[in-house]
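The annotation active site, charge relay system is assigned in Swiss-Prot to K79, S154 on the grounds of sequence analysis. Annotation source Swiss-Prot lists active site, acyl-ester intermediate at S178, citing sequence analysis.
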Amino acid sequence: MSELHLLSTQQLITGLQDKQFSSLELTDHYIKRINALDSKINSFITHTSETARAQAKAADEMRVQGDKRPLLGVPMAHKDIFCTQGVLTTCGSKMLHNFISPYDATIVTNIDKAGMISLGKLNMDEFAMGSDNESSYYGAVHNPWNIAHVPGGSSGGSAAAVAAGFVPVATGSDTGGSIRQPASFCGLTGIKPTYGRVSRFGMIAYASSLDQAGSMGRSAMDCAFLLQPMIGHDPRDATSIKYDMPDYVQDLNDAAASAGDKPFAGLRIGVAKEYFSKGLDTEVEQAARAALKKYEELGATIVEVTITDPEITLATYYMLAPAEASSNLSRFDGVRFGYRCENPKDLIDLYTRSRSEGFGPEVQRRILSGTYALSAGYFDAYYTKAQKVRRIIIKDFEDAFANCDVIASPTAPTAAYKLGEDLDPATMYLGDVYTIGVNLAGLPALSQPVGLTSAGLPIGLQLIGQYWQESKLLSTAHLFQQHTDHHLQHSTIAKETV
């Protein structure tokens, strides 16, 4: 029982179904670990332990009565960007430090319906703006592999909680790499689905045309289990798209069952030289190329493709995302909800002080740059031009996929750096250089672990797919994980028993 947290989601499901342990015992095991060890990591903002224990007892009773839902009684946790009725929902910001959501986000409702048990809300970069989880009002999150290092961001709390063995899976959101980059830094698998695949209703907006929710776990199969209840059309989200509903878990099982000695025979993996250029750490490049060689040994064909220069993509993203943020975050004014300054002199003072005191430096920086890009005289020169470049980025991906089935790249140019090391915003922004193009194009992508640095820090490989091809991405990673053990390595904190 002391190592329940090291089991995969499939093993947890089997254990619950075979009565090897109860949902209450499993939930208590995770709660005990969180209480004992999260002081080192700071992955949770809000704990919902008592509610979780009540839900676990109910799940055990429902299983006795014949409830066959596979995820019934399996614990998880939500990134604190998803509204949760009756529970503090902060988005990592002082602006929302007292906000109790009056409703559930659609994915929260869907995961509840699947029978999963939420252990709480997870730390994150403030309003999802950051790549290291150091901008949270609730303090920095520490990487479970080495607590002196960052876990990545903005879903750093989600990644750290899974890597530490506090939950088997967690939700995240990805605007420019916020699932994939922390998955890479924490040795996890994390997937950002096609834009429109998962409802954004109840997910606090950063950049509406880029935001997408996804799942994080140690393996592709873990991600598939959590992603399954998250997907589906939602009429309350205008960007939600009606499309075929795949069974990800079945797709992965079918792929494994039909795989021979060369499971990737016929698979064309595109590799762009633009992803292996200046700024890429030597150890990261070596691990990525070794993973590609393994894919090749297992039957895949590596083909060279061309995509938009990542530096152009980076500039485009940091023009469009802050512009959308400046609009989305204008609702936080100290009047309707959120932080309100004390004793304002007048209405203008209320607005000014509430926002300057309620938002942290990184959020203010992006609001200001976005407002500048949208201002009269600069709109056409910056915002409109960036939207035109976005179309070129999409076209370049379309052209690349004419010659390959998936595109592979390093997830991030480096492994996790030390806390406080990357204080220069421009340097931090470069950490997203390989991931943001996917969001601009609305494509699905995942990160999978492919090795460790000499310092013992995880390295991730990104796989990018065509629209609606999450099953192909997950199956590709799953089959790779059948022949490697990178996803089976555990962090320093996960190895600790309590």
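Cβ coordinates come from backbone N, Cα and C, glycine included.
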Secondary structure of K79 (active site, charge relay system) (DSSP, helix/strand/coil): strand
Alpha-carbon distance [S178 (active site, acyl-ester intermediate); K79 (active site, charge relay system)] in Å: 11
DSSP state at S154 (active site, charge relay system), helix/strand/coil: coil
Protein Cβ atoms within 10 Å of K79 (active site, charge relay system), excluding its own: 31
Entry from the active-site residues list S154, S178 having the most other CB atoms no farther than 10 A: S178
Integer Å distance between the CA atoms belonging to S154 (active site, charge relay system) and the residue listed as 'active site, acyl-ester intermediate': 5
